[in-house]
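To start, the structure itself, in structure tokens.
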Amino acid sequence: MLEAFKVAPTSLQQLMVADNGNAAQVLFQVGPSSLEVRSTVLDKVNATIADPGDQALLPKDATATTGGLAVVGVGLLDNITANRAQLTIVALLLVAAFLILRYRDLVRGLLTMVPVCLAVGTSAVLVRTLGITLSPLTTVGGPLVVATCAEFSVLLIDRYAEERGRGLDPTESTNVAAARTGRAFFTSALTTLGGFAVLMFSSLPLLSDFGMVVTINIAVALLAALVVVPPLVKAADERHLLVMGAGTPVGKNHRRAVMAGVAGVAALAGGLVMVADAVHQKTVSVAAARTTDRVEVPATIPASTTAAPTTSLAPDATLPAGPAERPTGLIAGVFYDALVAVGVDSGIARCAADDLLATTPEADLMAMGIADNPRPAAVNAMLATSATRCGVTPEQLAKLA
């Protein structure tokens, strides 16, 4: 690495090593993969840094740390996975606390939360069954179900209470609430569901998964409220668990109000404690890397033992076109893209990129200043030679320059 650094262009040296020489970065490419796979790779890298086994140890005063977008993405995935259930529980506790304190009725508040809990569980099962990928957007599924289903349940139960206050019996109140209020928010929910369902057809997987999660959540919340709330509140009212009916204002019973206050404050405190615990959660410490006091002698690059070619192509010979796929190397890929952009056939562009790397290794090209701006004339000549050997026309080369 030291020898390669010495022959690298100045711009590349400044990119890879800090001005004071106390920090450096080593880049390596990770192929397309999921965050779960990259998490496994990072765990192995960190384990190797901490204990390299028979490999070379870090100098005593040196440290090595993983970085880059992969580390950020994996860290985000870990945080999401760790706090997803906690987010849903906090949402349930805070909503339950508000409803109980607002109604001043423990039973009425808990009845409102029954379809909410049912919807949360059903939504989680459906998302798991469908194999939807976890992301920052899909993580809000739990709190979203809580908010949506709680709204639907409150509308139905409040309308039921209004009808009971007008003197209707439980059966009539249930029918009126389901027929009028239920029809209204059913239409509202369908319009919202249709709007988010469009996102499922997005070509971006993040938006597609989010649209599917929101659509499932709204549908489950709607069905849970419509199916569970009417018979549940009617059965509770008939068993005198609710304080409703003509001449009986809600919340006047002192004992029920005290019980509701205690339960509401307890739920609120529980939610706030979980929020505080998540905010002040300590990060997991990483094991210290093993180091050594030995000073390694910089490696030297042995002289090449490859013999020069004894034959060459005729001056007018053209190399055959290569495969149409883009090469994976950094320099070859950039050269390929530049040729294709000026109208060169993909097979010819691949031939030129392969010929360039076959005649001159990538490390030598970097040392010669291929990444500089402007490029040295010698490098431009090598690019033109490889392009011409594969059939790139002078007009196309002129556009490339």
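Just so it is clear, glycine is given a Cβ too, placed from its N, Cα and C backbone atoms.
Note: TrEMBL annotation is automatic and uncurated.
What TrEMBL says about this protein:
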DOMAIN    109-235  domain 'SSD'
TRANSMEM  85-103  transmembrane segment
TRANSMEM  110-131  transmembrane segment
TRANSMEM  137-157  transmembrane segment
TRANSMEM  184-204  transmembrane segment
TRANSMEM  210-236  transmembrane segment
TRANSMEM  257-276  transmembrane segment
Spatial neighbours of the transmembrane segment (257-276) far in sequence, C-beta under 8 Å, 6+ residues away: 86, 89-90, 93-94, 96-98, 100-101, 103-106, 109, 251
Top partner of the transmembrane segment (184-204) among 85-103, 110-131, 137-157 - counted as Cβ pairs under 8 Å: 137-157
PLDDT averaged over every residue in the domain 'SSD' (109-235): 86
Folded-back contacts onto the transmembrane segment (110-131), same chain, C-beta under 8 angstroms, at least six residues removed: 88, 92, 95-96, 99-100, 138, 141-142, 145-146, 148-150, 152-154, 157, 212-213, 216-217, 220-221, 223-225, 227-229, 232-233, 236, 242
Three-state composition of the domain 'SSD' (109-235), taking helix and strand from DSSP: 113 helix, 0 strand, 14 coil
